[in-house]
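Presented below is the structure to which this report refers.
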(Lines of atoms letter the chains of each structure in order from A and count residues from 1; the text may use other names and numbers.)
(Lines give C-alpha, C1' and ligand atoms only; values in the text may rest on other atoms or scores of the structure.)
Protein backbone atom coordinates (compact mmCIF):
# COMPACT_ATOMS: atom_id res chain seq x y z
CA UNK A 1 0.00 0.00 0.00
CA UNK A 2 1.40 3.35 -1.04
CA UNK A 3 1.26 5.79 1.88
CA UNK A 4 2.52 8.67 -0.31
CA UNK A 5 -0.67 8.70 -2.39
CA UNK A 6 -2.20 12.19 -2.54
CA UNK A 7 -5.55 10.81 -1.50
CA UNK A 8 -4.23 9.29 1.69
CA UNK A 9 -2.36 12.50 2.47
CA UNK A 10 -5.51 14.52 1.90
CA UNK A 11 -7.44 12.16 4.19
CA UNK A 12 -4.94 12.63 6.96
CA UNK A 13 -4.98 16.37 6.40
CA UNK A 14 -8.77 16.40 6.59
CA UNK A 15 -8.87 14.49 9.88
CA UNK A 16 -6.09 16.65 11.25
CA UNK A 17 -7.93 19.82 10.30
CA UNK A 18 -11.09 18.55 12.00
CA UNK A 19 -9.31 17.87 15.31
CA UNK A 20 -6.98 20.87 15.07
CA UNK A 21 -3.88 18.71 14.75
CA UNK A 22 -3.02 19.39 11.13
CA UNK A 23 0.52 20.55 10.38
CA UNK A 24 2.22 21.40 7.10
CA UNK A 25 4.53 18.75 5.71
CA UNK A 26 8.10 19.42 4.67
CA UNK A 27 10.18 17.44 2.23
CA UNK A 28 13.86 16.60 2.62
CA UNK A 29 14.71 19.17 -0.02
CA UNK A 30 12.96 21.91 1.99
CA UNK A 31 14.77 20.98 5.20
CA UNK A 32 18.10 20.82 3.41
CA UNK A 33 17.96 24.57 2.77
CA UNK A 34 17.70 25.51 6.46
CA UNK A 35 20.99 27.18 7.53
CA UNK A 36 22.76 25.53 10.47
CA UNK A 37 25.30 28.27 11.09
CA UNK A 38 25.97 28.89 14.77
CA UNK A 39 24.64 25.52 15.86
CA UNK A 40 26.85 23.28 17.95
CA UNK A 41 28.28 20.18 16.30
CA UNK A 42 27.53 18.33 19.55
CA UNK A 43 23.80 18.84 19.24
CA UNK A 44 22.12 19.77 15.95
CA UNK A 45 18.86 20.41 17.82
CA UNK A 46 20.10 23.33 19.90
CA UNK A 47 21.18 26.76 18.83
CA UNK A 48 23.71 26.92 21.68
CA UNK A 49 26.64 24.79 22.65
CA UNK A 50 25.52 22.37 25.40
CA UNK A 51 28.90 22.77 27.05
CA UNK A 52 27.80 26.23 28.14
CA UNK A 53 24.79 24.72 29.91
CA UNK A 54 26.96 22.69 32.30
CA UNK A 55 27.50 24.69 35.49
CA UNK A 56 29.90 23.80 38.28
CA UNK A 57 27.90 25.65 40.93
CA UNK A 58 24.32 26.55 41.70
CA UNK A 59 22.73 29.15 39.47
CA UNK A 60 19.63 31.22 40.08
CA UNK A 61 17.13 32.65 37.64
CA UNK A 62 17.51 36.38 38.18
CA UNK A 63 17.03 39.50 36.08
CA UNK A 64 20.09 40.99 34.43
CA UNK A 65 22.24 42.81 36.96
CA UNK A 66 20.36 41.50 40.00
CA UNK A 67 22.20 40.43 43.12
CA UNK A 68 22.27 36.70 43.80
CA UNK A 69 22.21 37.13 47.58
CA UNK A 70 18.99 37.78 49.41
CA UNK A 71 18.63 41.21 50.95
CA UNK A 72 17.63 42.22 54.44
CA UNK A 73 13.96 42.44 53.54
CA UNK A 74 13.83 38.85 52.27
CA UNK A 75 15.72 37.58 55.32
CA UNK A 76 13.55 39.56 57.75
CA UNK A 77 10.64 37.10 57.59
CA UNK A 78 12.89 34.12 58.25
CA UNK A 79 14.70 35.95 61.05
CA UNK A 80 11.55 37.05 62.86
CA UNK A 81 9.82 33.68 62.52
CA UNK A 82 12.92 31.74 63.54
CA UNK A 83 13.46 33.91 66.62
CA UNK A 84 9.83 33.56 67.68
CA UNK A 85 9.92 29.78 67.39
CA UNK A 86 13.31 29.55 69.08
CA UNK A 87 12.09 31.75 71.92
CA UNK A 88 8.94 29.68 72.34
CA UNK A 89 10.94 26.44 72.46
CA UNK A 90 13.48 27.82 74.93
CA UNK A 91 10.74 29.34 77.06
CA UNK A 92 8.82 26.07 77.15
CA UNK A 93 11.88 24.17 78.36
CA UNK A 94 12.67 26.87 80.90
CA UNK A 95 9.06 26.91 82.08
CA UNK A 96 9.11 23.14 82.48
CA UNK A 97 12.25 23.43 84.61
CA UNK A 98 10.76 26.19 86.75
CA UNK A 99 7.48 24.32 87.07
CA UNK A 100 9.14 21.19 88.38
CA UNK A 101 11.26 23.28 90.73
CA UNK A 102 8.30 25.14 92.21
CA UNK A 103 6.12 22.05 92.59
CA UNK A 104 8.75 19.60 93.82
CA UNK A 105 7.12 19.43 97.28
CA UNK A 106 3.64 18.86 95.85
CA UNK A 107 2.13 15.45 95.26
CA UNK A 108 1.64 14.43 91.64
CA UNK A 109 -1.92 15.57 91.02
CA UNK A 110 -4.02 17.69 88.71
CA UNK A 111 -3.17 21.03 90.41
CA UNK A 112 0.53 20.27 89.97
CA UNK A 113 0.04 19.50 86.28
CA UNK A 114 -1.94 22.71 85.79
CA UNK A 115 0.72 24.78 87.53
CA UNK A 116 3.50 23.26 85.43
CA UNK A 117 1.50 23.80 82.24
CA UNK A 118 0.82 27.42 83.16
CA UNK A 119 4.51 27.99 83.78
CA UNK A 120 5.43 26.43 80.42
CA UNK A 121 2.86 28.57 78.58
CA UNK A 122 3.86 31.77 80.36
CA UNK A 123 7.58 31.33 79.82
CA UNK A 124 7.13 30.25 76.20
CA UNK A 125 5.05 33.32 75.36
CA UNK A 126 7.45 35.61 77.24
CA UNK A 127 10.57 34.42 75.44
CA UNK A 128 8.85 34.26 72.05
CA UNK A 129 7.67 37.85 72.46
CA UNK A 130 11.10 39.03 73.61
CA UNK A 131 13.12 37.41 70.84
CA UNK A 132 10.48 38.25 68.23
CA UNK A 133 10.55 41.93 69.21
CA UNK A 134 14.35 42.00 69.05
CA UNK A 135 14.30 40.32 65.63
CA UNK A 136 11.69 42.79 64.37
CA UNK A 137 13.74 45.79 65.48
CA UNK A 138 16.96 44.30 64.11
CA UNK A 139 15.38 43.52 60.74
CA UNK A 140 13.79 46.97 60.48
CA UNK A 141 17.07 48.73 61.23
CA UNK A 142 18.90 46.42 58.85
CA UNK A 143 16.53 47.19 55.97
CA UNK A 144 16.71 50.94 56.61
CA UNK A 145 20.52 50.94 56.78
CA UNK A 146 20.80 48.79 53.66
CA UNK A 147 18.52 51.08 51.65
CA UNK A 148 20.31 54.17 52.95
CA UNK A 149 23.85 52.96 52.25
CA UNK A 150 23.00 51.00 49.12
CA UNK A 151 25.22 48.14 50.24
CA UNK A 152 24.94 44.96 52.27
CA UNK A 153 27.91 44.02 54.44
CA UNK A 154 28.94 43.32 58.01
CA UNK A 155 28.81 47.01 58.86
CA UNK A 156 25.04 46.91 58.42
CA UNK A 157 24.82 43.93 60.77
CA UNK A 158 26.86 45.62 63.51
CA UNK A 159 25.03 48.94 63.15
CA UNK A 160 21.59 47.29 63.19
CA UNK A 161 22.48 45.22 66.27
CA UNK A 162 23.81 48.24 68.14
CA UNK A 163 20.75 50.36 67.35
CA UNK A 164 18.44 47.49 68.29
CA UNK A 165 20.04 47.15 71.71
CA UNK A 166 19.90 50.89 72.30
CA UNK A 167 16.23 51.17 71.37
CA UNK A 168 15.19 48.04 73.27
CA UNK A 169 16.78 49.32 76.49
CA UNK A 170 15.81 52.96 75.95
CA UNK A 171 13.26 52.80 78.78
CA UNK A 172 16.11 52.37 81.29
CA UNK A 173 17.60 55.81 80.71
CA UNK A 174 21.02 56.66 79.35
CA UNK A 175 22.66 53.86 81.28
CA UNK A 176 20.20 51.35 79.85
CA UNK A 177 20.75 52.71 76.34
CA UNK A 178 24.51 52.36 76.76
CA UNK A 179 24.24 48.81 78.08
CA UNK A 180 21.85 47.78 75.32
CA UNK A 181 24.05 49.31 72.65
CA UNK A 182 27.16 47.58 74.00
CA UNK A 183 25.33 44.25 74.19
CA UNK A 184 24.09 44.57 70.61
CA UNK A 185 27.52 45.67 69.42
CA UNK A 186 29.21 42.71 71.12
CA UNK A 187 26.74 40.11 69.82
CA UNK A 188 26.70 41.33 66.22
CA UNK A 189 30.49 41.79 66.17
CA UNK A 190 30.92 38.21 67.36
CA UNK A 191 28.48 37.06 64.66
CA UNK A 192 30.34 38.98 61.95
CA UNK A 193 33.65 37.58 63.19
CA UNK A 194 32.26 34.06 63.07
CA UNK A 195 30.99 34.52 59.51
CA UNK A 196 34.35 35.85 58.30
CA UNK A 197 36.58 33.57 60.35
CA UNK A 198 37.70 31.46 57.39
CA UNK A 199 38.47 34.59 55.36
CA UNK A 200 40.47 36.05 58.24
CA UNK A 201 42.42 32.83 58.68
CA UNK A 202 43.20 32.69 54.97
CA UNK A 203 44.35 36.32 54.92
CA UNK A 204 46.57 35.83 57.97
CA UNK A 205 48.14 32.69 56.49
CA UNK A 206 48.92 34.51 53.23
CA UNK A 207 50.48 37.39 55.13
CA UNK A 208 52.65 35.03 57.16
CA UNK A 209 54.02 33.53 53.94
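Here the Cβ of each residue, glycine as well, is placed from N, Cα and C on the backbone.
According to Swiss-Prot, the feature transmembrane segment maps to residues 73-93, out of the candidate ranges 31-51, 52-72, 73-93. The feature transmembrane segment, as given by Swiss-Prot for the ranges 159-179, 180-200, sits at 180-200.
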